[in-house]
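Here's the structure, in structure tokens; my notes come after.
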Amino acid sequence: MAEAPSQASAPQPYLYSWGRCDFGQLANGSDSYVAHPSPCSIARDFNVIHASANLFNTACITADGDLFTAGANDSHQLGSKAGEVELALLRVEPLESHAVQHVAVGEGHMLAIVDNGQLASWGGNDQGQTGTGEASSQVSHPRLLRSTKDSHFVRIAAGSSHSLALTGSGQVWACGAGRFGKLGHGSEEDQASITCIERLFPAGIVQVACGENHSAALGLDGRLFTWGRNKYGQLGLGHLDDCHIPNFVRSLSGTAFAQVSCGGDHTVVLSREGGGVWSWGRGTWGQTGHGHTDLVSLPKMVQALAHHCVEQVSAGHNHTLALSSSNQVWSWGSNEMGQAGIPDGPACLLTPACVQQLPPLPILFILAGGDHSLVVMRHAPDCSANAVGPQRQQAGQGLMPTAVPQLCSMAQQAAQPSAPWSQVQALIVAATDMFACPAFIVHAFRHLIRSPTDADHGMDVDAINGVFTSLLKVYSPELVQSLGLTCARMLDSVDQGMHRPGSEQAVASHLDWLRVLYVMLINPVAGETHGTGGQIVQRLARILGQLEPSSRNTIAQWLSELPLEILGARCVRPVQRWLSDVAHRQHPSSTHDREQLLQGISLLSCIYNGNKLAGFKVMPSEFYNAAVCEHVTLREEYMVWRRTKDDRKQAGRLLSICQTPFILTPAAKSHILQGEAFLQKQSHMQASGLQAFFQGIHPMMVSFLDIRVRREAVLEDALAQLVARHDDLKKPLRVTFISAGVDEEAQDEGGVTKEFFQILVHDLFNENYGMFVHKPQTRTFWFNMLAEGMESEFELVGIVIGLAIYNGVILDVHFPLVVYKKLLHQQVTIGDLKQADPEIGQSMQQILDFEGDVESLALSFDVEYDNFGMLETHELKAGGSSIPVTNLNRVEYVDLYVQWHLQQSIDHQFGAFSKGFSQVCGGPALSLFRYEELELLVCGLPHYNFAELEKAARYDGGYDAHHPTIKTFWKLIHQLTLEQKKRFLLFTTGSDRAPVGGLKDLSLIIQRAGGETHRLPTSHTCFNALLLPNYSSESEMKSRLLTAVENAQGFGLQ
């Protein structure tokens, strides 16, 4: 190599050049060809950080953001007032007020990126290659493209008559001549306005390159896409047909590339790992470097460089350069004009040769122009691998792919109190760029250890949360607004991309689309539902509503892995708030509003399924949406559901909210069940009436389920009448009590029916009757496994509970939750045993958790129980008494024990009970309930809002809400302890639970009681009525009220 110039003799040059110079392409003040690397003394004072060149021109950008051009100017491509040819670098004066960041040189036009990513263009424009919106002979001076003022461009490239521009969000725009399909829009039409290549949107492009008539784009994941002319195989697709849309170069699958460069009719790429070089296309001058002049239609590795780690490649019109980490420049291809830099070499170099005559200075970057070459070096004599190439410093970065911004570090700097506004602005731009591109999102949050699979999203949730948290800690409304709008627009493009016809899998995999949706689902900006967050949720709802069930299941599986705080706060609540807003503003006759509501519910369904897979990290009650339930017509929802439930044509479509019962509040489900009961009652009344009419009987005589019971034998008479009248159970219930052989004079307006149920429950759950066993630890009743021959009585219990639900009566019944779970035919677990019988359940858990040898516990596969003083044994499996429980089979033992205790031991009793219940409540509406909700339906709510009770109360006998006695009464009620409030409810209504809809649905009646004021308050629980004397003082009222309440005894309560 030549010696470096001495600091004492001459200023140290930055730029070396060689090759064709008839138009001043070398910018050295001469028009003579140069066959070997020569210093460009004219450029010695320029701190060049980027350069671009083509057949007739060269352009350079300095560190100060100034643009200089040289060469031909026949189409005003130099961008300033100059002659036909400029032999030296000339400042582009119209851009002096702008900081130029990037430049691309075509055969007669140029483009530049200025300031904060705006696009400027000038020169030849006969085919619209400057993108100004109209084709003309030329654009005489740089002009900002106003149509792209809202875009942030980071890279540009120019061919003979077309241009490409790349935004920071990975979108590629094209304009100019459309011949050969080189614009990638799917046709050969010219485009005078720069237009986005939609097909490349999901790929996350980080670099673009133009050949004479073909184009290339490199994705963030290292995949390469090519399109345009393919006469010489320059697209690398294995054939010679032109392509009008970007195509993934499949033969390069499995190798990620770090750079792409296009020559006139050939293409060169550099691999990320090992610095390997691949090339293909026209080989007439040996420009592919494979040792021959044949065309190559498939990418092929340049073997001569296989043992050199290459840092950068650059393709000229008919020659190619490569820079190795050893600070060597290699060249091959045409050398007719000295462009290869091998003075004594042949006219065509078929394999790479090392350019010898360069000083021993670290090379920053190389550039192969049309038929000339440039090398930019630095002053320092450090030639170590860390100092060589454009990947390690600012200089030459424009010739390499753009990088995804590091948002966390940028956000931390912008969040500092002393941070200037410019840092926040830069962060806004960076965040907008990243979240506008699906591929950038997937790349930024991909887990460094976990490999993504169909079952595993492979995303780093901590990283996602960290980025969003860092951004929000900047506390910039402008940042949040911009981020929200960007995500919403990105989702619009995702929606289009997922449904665009054609082979999209070559650009983006379906799983990557789903990963983007996953990130957006945990985007905290979506929680701002009144602003841009609502737009994000709306689009997520629309997209997920169109996904196949398998894709929705995949997302649900991914959501199930989220921590509770993210699943609840980031997923459930934002969607719920948005749904509530939609419900409040929807118009009953608006198809669009209805569709949007169902899409939102479908989105919530996906989240619910994920939560279900996670074992309900988020409480099911968080999925209730009262606003939706209040603003839809539940009767219509039920009717649509029933009508389409078994329609195969409607399978998979969400038509009614009854298909997603998790969103229905218990009160709404209760209304639906009552509505179903009403319809069934009407149906049975009409059927019975019609049958009676033809039999000559008045229809009213058979329209009700009339029950007549003696006061002294309520249970006996109810058993005889209810169990025998299966066909009448769904008629309206009407009860008559008989005292001393005479019917009591009382019209059943609900109070008599309620009293009937209270008496029945009291008698049926009396332990002396032997049907149920009381569990003091849980204060619940369990089926007596020894109660044989009482199937009719158990069937009656089931009928009574069903009738209570059917007739809207709350019962003071205390079953463990597993009873309701069994009624809904769900599997029982050890968790159910722990809740029903904590002592036995915990002993089973201890067996599972035992760390020693289980055989030491001397257990076998059988159960012993007391049968009226006799010790009975039941084998859990055949020969179980002789099978010891070991560490290996203990899980089986516990499973069998749980099944025996909760199922088999009470099979006859529960079977009869379930039969009776199903006779009354066997309709479809029952399937809407979770087992916990079914308990609420029978027993009411265990929590209370006494302000609601006060607001809903009614008064009689001279009392009103403003009466002093009433004001004192409510003051005392609100001061009661929770247990005292429950006793008050028990005293006034017969149950210590609130109705499913809350205490507002109780309709308490407070009536003035006459007579002496020292009397205790009394109640008519059948009518929820309290008879309250007009006490003379607060202390007297408190004493009398507490005495009455504390001595109340509910039915079935011990």
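Positions of Cβ are set from backbone N, Cα and C atoms, glycine also.
Just so you know, TrEMBL annotations are computer predictions that nobody has curated.
What TrEMBL lists as active site, glycyl thioester intermediate is CYS1022. Per TrEMBL, compositional bias 'Polar residues' is recorded for 127-140. According to TrEMBL, the feature domain 'HECT' maps to 725-1054. The region 'Disordered' annotation in TrEMBL covers 122-142. Taken from TrEMBL, the feature repeat 'RCC1' applies to 13-64, 65-116, 117-169, 170-221, 222-273, 275-326, 327-379.
For CYS1022 (active site, glycyl thioester intermediate), other Cβ atoms within 10 Å of its Cβ number 21.
Looking at 65-116, 170-221, 222-273, the range that has the most CB pairs within less than 8 A of the repeat 'RCC1' (327-379) turns out to be 222-273. Helix, strand and coil counts under DSSP for the repeat 'RCC1' (275-326) come to 3 helix, 23 strand, 26 coil.
Secondary structure by DSSP for the compositional bias 'Polar residues' (127-140): 0 helix, 4 strand, 10 coil. The DSSP breakdown of the repeat 'RCC1' (13-64) into helical (H, G, I), extended (E, B) and coil residues amounts to 3 helix, 24 strand, 25 coil. Secondary structure counts, DSSP: the repeat 'RCC1' (117-169) has 3 helix, 27 strand, 23 coil. Under DSSP, residues within the repeat 'RCC1' (222-273) fall into helix, strand and coil as 3 helix, 23 strand, 26 coil. For the domain 'HECT' (725-1054), the model's pLDDT averages out at 88. Here the repeat 'RCC1' (327-379) is broken down by DSSP into helix, strand and coil counts: 0 helix, 25 strand, 28 coil. For the repeat 'RCC1' (65-116), the number of residues in each DSSP class (helix H, G, I; strand E, B; coil) is 3 helix, 25 strand, 24 coil.
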